Structure formats: C-alpha cells, structure tokens
Amino acid sequence: MTSVERENQVSVLFIGDPHFKVKNYEFIPQFVEKILTILDRNPVDFVVVGGDLLDNHERLDVDPLNQAINFIDQLRTRHPTFVLVGNHDYKNNQQFLTADHWMNALKFWSNVTIVDRVVQHTCNRMKFVLVPYVPPGRFVEAIKTQLEEKELRAVKVVFAHQEFFGCKMGAITSSEGDKWPTDWPLVVSGHIHNKQWPQDNIYYPGSAMQHAFGQSVENTISRLVVRNKEFEYDEINLKMPKLSIKYMTVEDAARGNLRYKNTDRKRYKLVLSGALDEFAGFKKTAVYKQLLEEGFAVSFKIKPSTEVRSVDTLNGSRKFLDILTEKVQTTGDADLESLCKSFLAQG
C-alpha cells in the first residue's frame, strides 16, 4: 500500500464486549495473546474496546480487574486505544455520561482514552465519534452534548455501546432501543452479543468471546477499514475454546469413562439430573473429584420426586418440606442448599 493510500483510509480494530470475569478467568490470557498477535501482524490506526471489559458493575473481582488493566496497557503500547465504558463497567445501567465506573485511574495513562463522555477523534482527516453506554432513548441526547446535527453528518463512524431499535437479542427484537436515522453516519456498536446489521447504517460485530456454556453466538473481533465513501470489515475468529453443555443422569456420570474430553479447543459443562440424595452421594465420589480436576463444570438439575409431592399433599401441610429444609441447612453444604431451594421452588 502506498503512503497516499494509507493517508486516504483509516483502519480500526474493534473488540466487542470481552466481559472479563471469574468464570472465564482461565481463558483471558489466551484471548489477550491472540489479539496482540493480530495487532502485531496487522497494524491499525487505533483500537476501540467496545464496552463491558468487566462484567459485574460495581462489584470488582481482583483477578479479572488486573487482567483488564494489563490488557489495556498492552493495547496502548501498540496503538492509540479508546475504551468505551459499557453498562457492565458502570455501577448500574442508569448512568448517563458519568464517571461512576472502575476506569478513572486509567485516564492518567498516555495513549488511552476512557470514553465516559462523547469523544471526537480525527485520524487522516476523517472524523470519528465515540459514545459510552447511555440508557435506551438517550443516545442522540448524549451526542448533542458535543455536536450539532450538521457536525454529526460529517462524521465517518460513531462507535457506541448501545441498544438500537430493531436489534435482535436472542429471540427478542428491541422495541425500546434508540432509533437512528438511516441517512446519518454508520454506527459500530457493542452491547449486543449477536453479530448483526439491524439496518444499513448500524453494525454490531458481536461479542469477542463466548460468555456462557451452550451459547451459540459466533464470536469474532472486527478489523474495519474506512475510506471516504467506503467501509470494509474483516471479522476475525480468535478460535477460542468452545464451551458446550452435555446433559446426563447422575447414574450415567457415576459410571465414569465419559466420552467427552476437555481440550484447548473445547470445554464442557455437565448438567446432571437426579434426586437430592443422588447428588449428595455423587459429590463424595472419586469420579466427581476427577471431573473437577479435569476442568469440567458440573451442575445439578433436580428430578421432581412424586413421593415428596404425595407426602406433602396427604399431610395437607408443609411439615415434611420444613423438616427437609432444616436437615439440608445443617449440612453446611452451600450447593446442596441451593439445590433444595430450587426443588422447593418447583412447588
């Protein structure tokens, strides 16, 4: 590419919704390494982290927090970096252009911009706008704190973390999201994990990493190339481990010799169905301990017991269930207590 061609375009790496948290802690170093390798091989003009770098609002877990800070530090040493404050980065979902988030100390670093207000950025004579999460219905209001509509129309791309009208969130189609005129600039947004174009000028690259076992969303990061009258994007699959769910009975699991193996490319969660006493017994076995050592996530699903229901019905009271609850509480087993509560909630 000639120097003239480089001057007439801007390339951006957009990283959507990483959601660093305790549950994906072991995968974060691999995630970071893959992104840094891509940046080293494919230089860009700047990087945008599209919000929700952390997951738990105002509750901070030390390990994911340290990994997030290190990730930003690694990015900014390579390229100018903009980090949008997502709703999960704020203390709650009602924040409107506030500094009530965990990233304020990072504002003192060079070559990184923490976007908790509307930010304008010019690169190769092209203008970009970056907007943090704001509650649905207030996106245009937020932009107008810095730009008039005439100025907005001169912008090439608006980067956001927002729910827009018509976007799909699983089986739900947004009816409360912000409406964005089709003759306004292109928006590239985080917040919605499903990759999609709800309209011609709104692009959701989707979340960069799978966040839950069984989630079917395709996870990529996007390298964007913006020219005067063109927009191109390359969706890059990081090939992170696939998180899958397998269902079976406690009896099946207790036999051992599962045909599922955790690898660098695939991890499993086992959902075991059975009765409370089966779960309690299984948790004391060598098979259960081995599953945990091999990295399996294990959860239990109580199989309704007709005997318990008939006793409760015949007595015409909750005496039996009261006794059951008391016995479970005396075990001091938090998982067993959780299972008992789930069982009682079934009626």
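Each residue, glycine too, has its Cβ placed from N, Cα and C.
Feature annotations, reproduced from Swiss-Prot:
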- Asp52, His211: divalent metal cation 1 binding site (BINDING)
- Asp52, Asn87: divalent metal cation 2 binding site (BINDING)
Residues with Cβ closer than 8 Å to the Cβ of His211 (divalent metal cation 1 binding site), same chain and 6+ apart in sequence?
Asp17, His19, Asn24, His193
State the Cα to Cα distance, in Å, between Asn87 (divalent metal cation 2 binding site) and Asp52 (divalent metal cation 1 binding site), rounded to an integer.
7
